[in-house]
Amino acid sequence: MRDNTAMKKKARARAQATGEKYVTAQKQIAAQAPESVAPRFPTFATLPSPTRIPTGVDEASEMYPTFRMQLGIDESGDVVGVDLAKNPHALFFGVTGSGKSVLTRTVIESCRSAGWMIFLCDGKGTDYEGLHRQPGIVAISQRTADHMRMVRMVADELRGRQADAWERRQAGERGPFPCPPLLLLLDEYATIRASIRDVYGTDFHEFDSDVQLITRIGREFRVHVIVATQDPSPRAIPAPLLENLSTRVALGPSDNAATCTAFPYPHRATARRIIESFGSRARGRGLVSFVGEDGDSRIVEIQAFIGYTPGDAKPAPGGDADVTHNAHEVSIKVPSLYPRLWFQVDGPHYGQPLSALYACSTVALDRPDGTTDPEMEQYDPLHPSYLGTADAFRP
C-alpha cells in the first residue's frame, strides 16, 4: 500500500513537471521501478553428506589434502569451502542467535566424519555435553585449569609432530608428513582468556604463547585452530593471533564496529555494507573472508550450513529431513580412531600452581577398542571416581 501511494505521488509530480498525462507518467514511473526479485538465499542450507568416511588413521591422513572446511552456500548456490593449506586457522564471530554455534557444531561434525582428532575448549562449560565419548572427540575442557592444560596438550602434540618430522627428514624421508589432522576449537575465546587471567594472573601469557605457537606453525603439521567468540575486538583477540586467523566468518546482523574491523582492511567497506543489509531474523546469514584457490583474498556472503551433531537441538524448520539423514548415514558410522586423552590429576586442586598443572602427565583413557580403560577411571572427568572432582576452577 505504501509503495503504491509513493508511486502515485511520483507520477503526479512527473505529470506536473513534464506536461504528460497522469496515466503516461504513471507508466513511466512503473517502468523505472526495480523488479522484485526472489530472495538470493534460502532460509537454511544443509551440510552435504561426505562421500567417504575413513576407517583408519592412515585413511584419514590420506583424505586430508582434499578436505575443505565447508561453511555454507553463496548466492549462486555453490558451496563455499576453505582450503586449509592456504587458510589453516579461522575466526567465527557473531552475537547470540546469529547461527555461530550451529555453524561451529557443523564444522566439528564434518571434521569428525573425516577422521580428525578434535579438542574442544568449551568456554561456557555446557555447550558440548552431547559430544562426550563420541568418536574423534579426544578431549573437552570445561574448566579454567583444564583449558590451560588441554591447550598445552595440543601444543605438546604439535612439538612432538615437529620433532618426528625432523627425525624423518634426517633419515632421508621427503614425503608428505604422515599424521592425522587435528582441530583445536576455542569456543567463547574472550570468556576463556578472561577466566585464565583471573585465575593465573600474569601466567595467562603461557596460554597466549601456546595458542600463538599452534597458529603460527600448526599448518605444516596438520594442526588447525578455530576461535569462536561474540567479541572480535582487539581487546578480546590479540593482534598477533588475528593475523594468523586468515579465515574470518561473521554471522548475523551487527552494529558493532569491531565486526567490520575484524576483516582485512581492503574488505572492510564491503563487509560493512553487506552486514548492514542482514535482517534481524537473518539467522545463519554470514560473511566470509579467506584466501581463495587462486591465492587472492576473497570476501563472500553465505548462508551458513546447518548439520547434525550428537546432542544438538532441533535444526531450523525445513532442514530436519536432511539433518536426520546425516545423523543416520554419517554420524553413527564414524569409527573410533583415537582414545580420549586427559591428564593425571592428583586431587581437586590440581590447577595450582601452574607448574604442577603442566607437570601432570597425559594419559589415554580408553583401550584400543574404544572402551574405557578401568585402570584410568580416576583420571576420567566423566567417571564418578575422577580425582579432580567439581572443585577445580570453573570458568
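Even glycines carry a Cβ here, placed using N, Cα and C.
Please treat TrEMBL annotations as automatic predictions, because they have not gone through curation.
TrEMBL lists 77-260 with the feature domain 'FtsK'.
Within 10 Å of the C-beta atom of Gly99 (ATP binding site) sit 24 other C-beta atoms, taking all shown protein chains into account. Secondary structure at Gly99 (ATP binding site), taken from DSSP and collapsed to helix, strand or coil, is coil. Per TrEMBL, the feature ATP binding site maps to Gly94, Val95, Thr96, Gly97, Ser98, Gly99, Lys100, Ser101.
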ATP site shell beyond Gly94, Val95, Thr96, Gly97, Ser98, Gly99, Lys100, Ser101, criterion: Cβ within 8 Å of Cβ centroid:
Gln230, Leu251, Gly252, Arg283
Work out the three-state DSSP category of Gly94 (ATP binding site).
coil
If we count other C-beta atoms within 10 Å, could you say which of the binding-site residues Val95, Thr96, Ser101 has the fewest?
Thr96
Counting across all protein chains shown, how many other Cβ atoms sit within 10 Å of the Cβ of Gly97 (ATP binding site)?
13
